[in-house]
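A short write-up of the structure that comes next.
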Amino acid sequence: RESDHRAWTPVSYTVTRQNATVQGLIQGKAYFFRIAAENIIGMGPFTETTKEILIRDPITVPDRPEDLEVKAVTKNSVTLTWNPPKYNGGSDITMYVLESRLIGKDKFHKVTKEKLLDRKFTVEGLKEGDTYEYRVSACNIVGQGKPSFCTKPITCKDELAPPTLDLDFRDKLIVRVGEAFSLTGRYSGKPAPKVTWLKDDTVLKEDDRTKIKTTPTTLCLGILKSVREDTGKYCVTVENSTGSRKGFCQVNVVDRPSPPVGPVIFDEVFKDHMVVSWKPPLDDGGSEITNYIIEKKDTHKDLWMPVTSATVKTTCKIPKLLEGREYQIRIYAENLYGISDPLISDEMKAKDRFRVPDAPEQPIIKDVTKDSALVVWNKPYDGGKPITNYIVEKKETMATRWVRVTKDPIFPGTKFKVPDLLEGCEYEFRVSAENEIGVGDPSPPSKPVFARDPIAKPSPPVNPEAVDKTKNSVDLTWQPPRHDGNGKIIGYLIEYQKVGDEAWKQANLTADSCPETKYKVTGLTEGLTYKFRVKAVNAAGESDPAHVPDPVEVKDRLEPPELILDANMAREQHVKAGDTLRLSAVIKGVPFPKVTWKKGDHEVSPKADIEVTGVGSKLEIRNTVHEDGGMYSLTVENPAGSKTVSVKVVVLDKPGPPRNLNISDVRSDSCYITWMEPEDDGGSVITNYVVERKDVASAQWVAISSSSKKRSHMAKYLMEGTQYQFRVAAENQYGRGPYVETLKPIKAIDPLHPPGPPKNLHHVDVDKTEVSLAWNRPDRDGGAEITGYLVEYQEEGTDEWIKFQTVPMLDCVVTGL
């Protein structure tokens, strides 16, 4: 029976032995048993077990512990963890035995002396650099079980792992004022990293509201009862000796805005409306201002009336006011998170307080010409509203009606050039100012002025100089005067004076005879020295004279030739084939030199166009070819000397054909092609060669290399037995030159060699006049099928071999011996 039941249950009625097996028991339950003997007379009394028997499996030692793992390694310690055995042997685990073995030794040694029940242990006091392996066994009341599987060999050294950082927050976080927020995450690294929190690059420390909690694997920053000042960029840094990681979060603590900034300014006040303005709040609460709420109140009443709640501007029109009443205005700012405290204005009475501008003072008239005059005035008082326009009027002195000088607005300047005056008439001018209220009174009339040009004598001519001379004349040039005195320059007077005399003589009698800024003074005496001066003349008279700086001796001028080279006469001139070559220079010299162009020591090509002018010379060759290159020289010569300049001209063209094209190493599927560079590279570096091939039966050339810089190429992938032609061309930056082709086709076959000697020559039969011979095939056929075998014989004692015959098979009968 079960120990907690009273009823007995029969097990067997037919047991004749002194033992029985009881089936169907429940593990973990306790039972009592009883036995009675029975004969034909009947059943005797029962004998009962003295104590209950607990049903369980037999107790053994535990299985081996599982999942022995190394959790941490330093230079003098190792931390290990493991899981209990799958089966404890039928009895609770009483302790664990952890053992280690130094690599190189045979025996394991127990690590702990005290009783170890935890499934985690740190072995300390190890020697840096030593390597160990570990195992662990479980014990129960029966004894110690099998050890676990050994760990891998573990060397004592500080483990290094760069920090990792896994954050629970996003880049941005919005928090209402007064609420708490936290930034959390997980991290790792070896050695254990240092965790630092910063806000806007300032290190955060704990205080009443700021809480920082860091465990070996987690980190947390908490802010209690947040305020607007908590807004900022938060950064967490996890750093150890191997590196650092950072995480960022822009926290925006938001609130309703602060009140708009006063005072409320009354920009415009009228009897029925006002226009007010204000400044935005100093603090928008961390969220953009969505609108302003404006209300008005008659000071005689306690009721605030809404004006608008939809404006986003910092100005507003307050309508529907009663004339003479005093009003106050209050303004709220609103964002997504609420409405600010109000800004309340001073009291303001609804009445018109603006008027038209005052009359300007008497205007001043300047810069009068025959058809215009500049009217200048000062800005008057604007009547409380900004001036938007000035009205300028004119009238002839004897007339009575004033006329506006323009319909266009005149603003903001306080001067205006009045056009369309009649030459010789006398005018007066006056000015009125206008604002949005209306036009003010006009100014007093200006002083009368006549419309006519003011004319003064011109300033002297500029930079007179003698530019040429002969034995009886001198050429002068100059520049116009800087100021013409507001009158047209009629012309110039030229005077000269012999050095030593006091009197100046006129070279021309009237100014209009010299309207240009140059003049040739003639009738001078050869060998004498003269001074020269020039005057400008307008309707007001003659200017002061301008003197030629130095006296001039009258004689024929002799100057050696001088060449001023253009850019195309640099030391080396490059021109692309087909383009036009231009060489030019400015030539000076008195008398003008003789000009000669040459190419090398010869005359230039007849296709060259040569032009010579009084100031220079130009050589031009159109559609240049490579042969037009060379050394060009320009020689100029007069009695005072000669001068020569040279320029190297390089005509850049496609290169010539490559040289010495050669085919070698012909095989059944390849051949080796070599060549030499062209004699003429076209004036530019050869960039690459193009190699092409053609089956003689085909008309199409096929490129097999187009980018090679080498002067050789291995032509692969040929078809055995096919005949090919090859060609090569050179390329430079100006194009591809002509091809050079192989002279005869190349057949793609392996080279042939004589076959090797036949093997194992022996006789198979002998007669008195003949011998039967046999042999085997040679080891090598020389690259072609063997067509036959030549049989020769020699009489012993002689040197001569006698040809018998050529046979196709591996045997032969030699007769006639």
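We count from 1, first residue shown onward.
Quick reminder: no glycine exception, Cβ is built from N, Cα and C everywhere.
Broken down with DSSP, the domain 'Fibronectin type-III' (1-58) shows 0 helix, 16 strand, 42 coil. For 1-58 (among others), the entry in TrEMBL reads domain 'Fibronectin type-III'.
The domain 'Fibronectin type-III' annotation in TrEMBL covers 64-159 (among others).
Annotation comment: TrEMBL describes 163-252 (among others) as domain 'Ig-like'.
Across the domain 'Fibronectin type-III' (259-353), DSSP assigns 0 helix, 50 strand, 45 coil. Here TrEMBL flags 259-353 (among others) as domain 'Fibronectin type-III'.
Residues or ranges marked as domain 'Fibronectin type-III' by TrEMBL: 359-454 (among others).
Annotated domain 'Fibronectin type-III' per TrEMBL: 460-557 (among others), in sequence order.
The domain 'Ig-like' feature in TrEMBL is assigned to 561-646 (among others).
In the predicted structure, the domain 'Fibronectin type-III' (657-751) carries a mean pLDDT of 91. The feature domain 'Fibronectin type-III' is assigned by TrEMBL to 657-751 (among others).
The domain 'Fibronectin type-III' annotation in TrEMBL covers 757-817 (among others).
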> the domain 'Fibronectin type-III' (359-454) and the domain 'Ig-like' (561-646): do they have three or more Cβ pairs under 8 Å, with pairs 6 or more apart in sequence?
Replying inline: no
> Quick one: DSSP breakdown of the domain 'Fibronectin type-III' (359-454) into helix, strand and coil?
Replying inline: 0 helix, 34 strand, 62 coil
>> From the DSSP assignment alone, can you count helix, strand and coil residues within the domain 'Fibronectin type-III' (460-557)?
In response: 3 helix, 44 strand, 51 coil
